[in-house]
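Notes follow the structure.
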């Protein structure tokens, strides 16, 4: 079983991911979605957490061997990033969504040196907007952002476009395609449900029609 499949299985088992193609969720953007993900739940399950953190370490070593600092996005990327940095014996920092409005007014907490090669950790990629904002903030502070590694992606076309335009490499440990395949195999969804989930990936607005 691949790492992507193992993680998809774990996310379903611990209910970090819910699939309701016949009774969709409403995202903050207003989009009706057949999937809801809360990867913060993974921190409460040691087996799942270890699988994810070890997957992060292996992926970073394979794709970004020159990394010098790990950064987590606030807030979801912070615990994962801190664990990864500890496992890799690397410095750690975290990136706020906006400048702090008191004290030193930092957006990056921790010490990042000019030109230091950084990998940013995120838990979930939808459109990628927030983590790309974090990458831009890190670059402004002088970091050399090598790429972003995340637990899971919805594989939305908008995300691919955004990362391409930003020139930032994205790697995820698991993905929507893998998850719905595992969900069907393990009986979480019906054939009709799988059909709707595939339609959502193709067209997030008209998938129910």
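Cβ from N, Cα, C; glycine included.
Pulled from Swiss-Prot:
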| type | residues | note |
| --- | --- | --- |
| BINDING | 96, 100, 102, 122, 123, 124, 125, 126, 127, 128, 129, 130 | 5-phospho-alpha-D-ribose 1-diphosphate binding site |
| BINDING | 126 | orotate binding site |
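Projection of Swiss-Prot feature records onto the structure.
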| residue | record | CB count, 10 Å |
| --- | --- | --- |
| 96 | 5-phospho-alpha-D-ribose 1-diphosphate binding site | 15 |
| 123 | 5-phospho-alpha-D-ribose 1-diphosphate binding site | 25 |
| 125 | 5-phospho-alpha-D-ribose 1-diphosphate binding site | 26 |
| 126 | orotate binding site | 21 |
| 127 | 5-phospho-alpha-D-ribose 1-diphosphate binding site | 17 |
| 129 | 5-phospho-alpha-D-ribose 1-diphosphate binding site | 12 |
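Across the fold, the C-alpha of residue 96 (5-phospho-alpha-D-ribose 1-diphosphate binding site) and the C-alpha of the residue listed as 'orotate binding site' stand 18 Å from each other.
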